[in-house]
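Annotation comment: TrEMBL describes 20-41 as transmembrane segment. Under the heading domain 'Cytidyltransferase-like', TrEMBL lists 55-184, 256-348. Taken from TrEMBL, the feature region 'Disordered' covers 197-227.
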Amino acid sequence: MEAFSSSGLLSDPFRSPDPTIVATSVIGAVVLLFFVGFSLWRGLRRRRRKPVRVYMDGCFDMMHYGHCNALRQARALGDELVVGVISDEEIIANKGPPVSSLYERMTMVGAVKWVDEVISDAPYAINEEFMKKLFTEYNIDYIIHGDDPCLLPDGTDAYAIAKKAGRYKQIKRTEGVSSTDIVGRMLLCVRERSTGDKHNHSSLQRQFSHGHGQKLDGGSGSPRSATRISRFLPTSRRIVQFSNGKGPGPDSRIIYIDGAFDLFHAGHVEILRLAGDLGDFLLVGIYSDQTVSSVQGLHRPIMNLHERSLSVLACRYVDEVIIGAPREVSKDMITTFNISLVVHGTIAENMGFLKEEPNQYRVPMAMGIFRQLESPLDITTSTIIRRIVANHEAYQKRNEKKEASERKYYENKTHISE
């Protein structure tokens, strides 16, 4: 066989190339072009792929971490989450009076980090007309709801039409909390305060979190439960699911704001939004149960530290929380977290905090890094409680009806993984 060399080619420039080499080169070029073309086609296809849009609706009244976890699970089933907030009129017709207005509920839902779009005045039950609107105008692929039943006053399934259309998906209900449970806690606390009952151990809320069911006299001689035993079981996994998983950059402007953040509401959300706009990273300090009780009384907080922490972590304006933060902002704390500015709203449970001795913000004030922000909404945790008290009979009746369905859920529940 004749050897092929570069020297041979140079000595005979008119010599024909080896057919084997030519064929190999052609095949290699074709294969290369195929893979390049296929990669480009696949990339374009991915870019052109329609995002999966999922829809979830609800009253989202007195929004808590259970609502937020439901939205987190729903978002994981698609690329974009659209949330429908049911109108005040629909809630009144189907459940009774809402505690929070539609505007407040819209504010709360829009602030959840997993929500991409919010629809106001959604119907309580999905009918054919609204389902068609979801599919055509909002390009919804699937309708999502929890594994707990959602029944209309006539006993029919509110999601029957979506299920029949084959466009329904189910997620796991977040156990341990519900709006019914929270209203029950508040009603019980108000009752305890009004009758002058005293407790020698911590706040009433901690009795709930440790599983001590409280009883109220129903007036018929037999005690009835005012609220369920709390089934909230805090886990590190849940904290991770709600966390951003990232810290501040080396040159980040870190803003710090602290408080109880009990019954997390629209007033909290709006002051956190303003605080977040002042820097690159928003750090939120959440007081311990003991700290809240020492300032606001034995019947506070309504929600325990872990519950309050999850609600704050779910807010899109928050980057990190300090669970059980000290009430006094010290120089060491400012240095440890590299805090650039400490802020506080003008509306708070304790409006005399600036006149206290010693002042909890005296260090950042002396350093010139404290600022008071004008609170956009005049709402506090006490505002929410007063609304419940003002209409307590209606809420008590609503709770009694809802508690029956919740007991049935827990009695018949089966394991569903998230």
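Including glycine, each Cβ sits where the backbone N, Cα and C put it.
Counted with DSSP, the domain 'Cytidyltransferase-like' (55-184) comes out as 48 helix, 29 strand, 53 coil.
For the domain 'Cytidyltransferase-like' (256-348), the model's average pLDDT works out to 96.
Counted with DSSP, the domain 'Cytidyltransferase-like' (256-348) comes out as 34 helix, 25 strand, 34 coil.
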